[in-house]
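Asks: So TrEMBL has the following annotated:
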{"type": "BINDING", "residues": "Val16, Gln17, Gly18, Arg31, Thr75", "note": "substrate binding site"}
{"type": "DOMAIN", "residues": "22-206", "note": "domain 'Radical SAM core'"}
{"type": "BINDING", "residues": "Cys35, Cys39, Cys42", "note": "[4Fe-4S] cluster binding site"}
{"type": "BINDING", "residues": "Trp41, Cys42, Asp43, Gly77, Ser120, Pro121, Lys122", "note": "S-adenosyl-L-methionine binding site"}
{"type": "BINDING", "residues": "Thr44", "note": "Mg(2+) binding site"}
Amino acid sequence: MLDIKLPIHETFQSTVQGEGYWTGSLVDFIRLSGCPVGCPWCDTGYADGGAKLPRKERFIQELLAELKSPRVVITGGEPFIHKHLPDLVQALLAAGKEVSIETSGAFWQEISPAAWITLSPKEHVNPKYPVQKQFWSRINEVKIVIETGTEVDFYQEHLSAQSNLPVYLQPEWNNSAKTLPLILQLLQQKPHYRLSLQTHKYIGVQ
């Protein structure tokens, strides 16, 4: 397992999770390369698939050797497009790490139940990539990026079916002056939802 390679965009250690349930937690990030979904406001460079972004094939053993924090966030890109994602998760868990995975939900693989999965659905942005139905019974939280205020209604059937699922509404960063007031209105309608700010950007860390 340790001699398996994955395509890595970047890694960084001892930073702070800025979004969702684990906001404020010390974490390391492993950013896997590649994403076909094409969100126009993607803040990680994958709006056009990321073909020109840095990419390096790295052994899982190398990735483990540089870890520093109790929790590791696997993100992208879209982690679930990589067939060796389950191997990476298992290796991290075996090394005593807590694991979070951030996904659009457009691609499904069986993953250890010990991994925390954050669903940030993009089906409303690109209907070609709907959330795979298996995710709705597996995820630990939902993070919805708000651009127009209609995004919550798009997923309401699934959200209503799981009333205990933590739901975070996050303003689209480049238009936050407009989107933050929309979120405050949504929170008045759904007070059990929560505001997620990209705290890491405010404090100037990756």
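Cβ coordinates come from backbone N, Cα and C, glycine included.
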Asks: Which site among Val16, Cys35, Cys39, Cys42 has the most other CB atoms no more than 10 Å from its CB, taking these as binding-site residues?
Replies: Cys35
Asks: Quick one: which of these binding-site residues, Val16, Gly18, Arg31, Cys39, Cys42, have their CA within 10 A of Lys122 (S-adenosyl-L-methionine binding site)?
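Replies: Neighbours among binding-site residues, in sequence order: Cys39.
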Asks: DSSP secondary structure for Pro121 (S-adenosyl-L-methionine binding site), reduced to helix/strand/coil, please.
Replies: coil
Asks: What three-state class does DSSP give Cys39 ([4Fe-4S] cluster binding site)?
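Replies: Its secondary structure by DSSP: coil.
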Asks: Take the Cβ of Arg31 (substrate binding site) and count every other Cβ within 10 Å, whichever protein chain it belongs to.
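Replies: Other Cβ atoms within 10 Å of Arg31 (substrate binding site): 22.
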Asks: So which binding-site residues out of Gln17, Gly18, Gly77, Ser120 end up within 10 angstroms of Cys35 ([4Fe-4S] cluster binding site), measuring C-alpha to C-alpha?
Replies: Gly77
Asks: In whole Å, note down how far the CA of Gly77 (S-adenosyl-L-methionine binding site) lies from the CA of Arg31 (substrate binding site).
Replies: 7
Asks: For Gly77, Pro121, listed as binding-site residues, tell me which one has the smallest number of other Cβ atoms within 10 Å.
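Replies: Across Gly77, Pro121, these binding-site residues, the one with fewest Cβ atoms within 10 Å is Pro121.
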